[in-house]
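Some notes on the structure that comes next.
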Amino acid sequence: MLYPKEFDVIVVGGGHAGTEAALAAARMGCQTLLLTHNIETLGQMSCNPSIGGIGKGHLVKEVDAMGGAMAAATDESGIQFRILNSSKGPAVRATRAQADRVLYRKAIRTRLENQPNLMLFQQAVDDLMVEGDRVVGAMTQVGIAFRARAVVLTAGTFLDGKIHVGLDNYTGGRAGDPAAVSLSARLKDLKLPQGRLKTGTPPRIDGRTIDFSVMEEQPGDLDPVPVFSFLGRPEQHPQQLPCWITHTNSRTHDIIRGGLDRSPMYTGVIEGVGPRYCPSIEDKIHRFATKESHQIFLEPEGLTTNEFYPNGISTSLPFDVQLELVHSIRGMENAHILRPGYAIEYDYFDPRGLKASLESKAISGLFFAGQINGTTGYEEAAAQGLLAGINAGCYVRERDAWTPRRDQAYLGVLVDDLITRGVTEPYRMFTSRAEFRLSLREDNADMRLTEVGRELGVVDDARWDAFNRKRDAVSRETERLKSTWVNPAMLPGEDAVPLLGKPIEREYSLADLLRRPEVRYEALMALQGGRHAPETPLDAEPMLAEQIREQIEIGIKYHGYIARQAAEVDKLEANESTRLPEGLDYTEVRGLGFEVSQKLNQHRPETLGQASRISGVTPAAISLLLVHLKKKGLGRTRAESGAPSGNSEEAA
């Protein structure tokens, strides 16, 4: 039957990509439908119970800066928070949280059920409705047809998913959930380029059977307790719990080696490529044969369960081998396994077949987000979901798509890497992937993206008000520090030495003093009984005041580096955003070699910058393309196209 209501946007899948996509489209005012095979598993954390980490936390902050749900849901469900790399520079500091699975799922579902313009429907999708080269809706497993102007596919690991435990396997999207076999077959019928990837998960352990007394306790950060959302507060966090650390040993490694003849990975049963940066324990033992032990983190799954996630022993070995290897680990000699570990193989679709908006190049109105694009991780999925949801909304409203730049957001780095380079293994975000990471910090994600989000219609009034207060306070206080001067008479040696290590010998601005590595803003403001502090607090809200202080300090201390990076960006921007005509035949570009023209015709890059990052496309080829565009009067910049861009960097 044809469902009586037509929607603007349909989102298929209710994981981390799907929920952010649906919420974003609905915030833009689009009539949105989220189709999921099970409403009870919306926002499910299918693997480890954690959010964030190096590179990943940056993505979560960016999603939050644009009104997304992941950071706020983590603040409401996080049972341990830590700042990683806290002793290093601000570019690589990252927030990580352990989350209570049940509370996280509840927080996401509450947002979905209370979001205007968004409806939920429980049915697996078996087919896409396509007319010509345009998607017009989706068909469920019982034949209900939903029509829409745009469809966002966020199928995760469900497309023709196959679960492996030892040499036994069965179809499934994850343990306990069916695979999307019919939808996978339909996508293959559409001739979209695809491949096979693999991921895995460890056995879960009953905490009552673990001896924590022989393990190392790993508490979270308590002074202060971090928050994920720019609008978050520590009071939102539930009870905080520690994690625990133990290690594998030589006996563990011998047990694993003895079971490799029944491993689906090492007997050729699994064809998909697994994630390089989250390898299985059998992969670790094989690849790092001389390493005597591997660290294992015992992570609590929640406040109302005894279940623990042993991070570090993901495996698809037979259950008897899993049991033996777990019992060989210190503190887990008597451990009871609640759920066996497994590997899952699934279909993904080559992201080089997508535009920078995440819309398919082959089928108009069809967007892809999450693991279906070859990525791994909740955070990468959520970021893509946000972008796909926004651009589905732009497509419906006939507005230019928003395509974040590499110098603007980790989301821009992520998508650009996917659509220009493709994937041969599950893609994970790291800070090292970003050329401009000093400008792409966690702390300034709102300064980079909230204004863009407001223009696009995904940032609400409360967030916009807090952002403006923060931006104005940072600007005002930075100017005050630059224009307030002190000299040796005003700052005698007995006051200067404890802070600076020596007396001042000439006049300095407060900004000059703060620029010194050893000087902190709070210490400078407390100098001489607070004589140099602002007349009024930075903000009445303590968490916002702390964010303002952090922005001021980083902006002043790293001003020279940030300015140099901004100059590099300006130099690259002219050619980076030059648009390439859709119908350009690269074989007609004079001087372009056959291999290069073939690759460009195959990948159809949207901009000169994207073209430059395709393997085999040389700087000389880019120069020839530029000459061709100028001769023909073709090509236009992002600014000329009218797409929202936002600020690449505020005063940090």
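Keep in mind that glycine also has a Cβ here, set from the backbone N, Cα and C atoms.
Here Swiss-Prot flags GLY13, GLY14, GLY15, HIS16, ALA17, GLY18 as FAD binding site, drawing on sequence analysis. Marked as NAD(+) binding site by Swiss-Prot on the basis of sequence analysis: 274-288.
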Residues sitting within 8 A of the centre of the GLY13, GLY14, GLY15, HIS16, ALA17, GLY18 CB atoms (FAD site), not counting those, run VAL11, THR19, GLU20, ALA21, THR36, GLY43, THR154, GLY156, GLY370, ALA381, GLY385
For SER280 (NAD(+) binding site), just count the other CB atoms lying within 10 A of its CB, please. 25
Whole-Å Cα distance, ARG276 (NAD(+) binding site) to GLY18 (FAD binding site), is 25
For GLY14 (FAD binding site) and GLY274 (NAD(+) binding site), the CA-to-CA distance in whole Å is 23
The one of GLY13, GLY14, GLY15, GLY18, GLY274 whose CB sees the fewest other CB atoms within 10 Å, among these binding-site residues: GLY274
Going by C-alpha positions, which of the binding-site residues (CYS278, SER280, LYS284, PHE288) is nearest GLY18 (FAD binding site)? CYS278
Write down the Cα-Cα distance for HIS16 (FAD binding site) and HIS286 (NAD(+) binding site), rounded and given in Å. 32
Between the Cα atoms of GLY15 (FAD binding site) and CYS278 (NAD(+) binding site), find the distance and write it as a whole number of Å. 20
For HIS16 (FAD binding site), the same-chain residues 6+ apart in sequence with C-beta under 8 angstroms from its C-beta are GLY43, MET70, GLY370, TYR378, GLU379, ALA381, ALA382, GLY385
Find, among the binding-site residues listed as ARG276, HIS286, the one whose Cβ has the highest number of other Cβ atoms within 10 Å in the structure shown. HIS286
When you tally the Cβ atoms that lie within 10 Å of each candidate's Cβ, which of the binding-site residues (ALA17, CYS278) has the highest tally? ALA17
For GLY274 (NAD(+) binding site), the three-state DSSP class is coil
Under 8 Å between C-beta atoms and at least six apart in sequence, can you list the same-chain neighbours of GLU282 (NAD(+) binding site), or say none if there are none? ILE256, GLY259, LEU260, SER263, MET265, TYR266, THR315, SER316, LEU317
Go through LYS284, PHE288, the listed binding-site residues, and name the one with the sparsest Cβ surroundings, counting other Cβ atoms within 10 Å. PHE288
To the nearest Å, how far is the Cα of ALA17 (FAD binding site) from the Cα of CYS278 (NAD(+) binding site)? 20
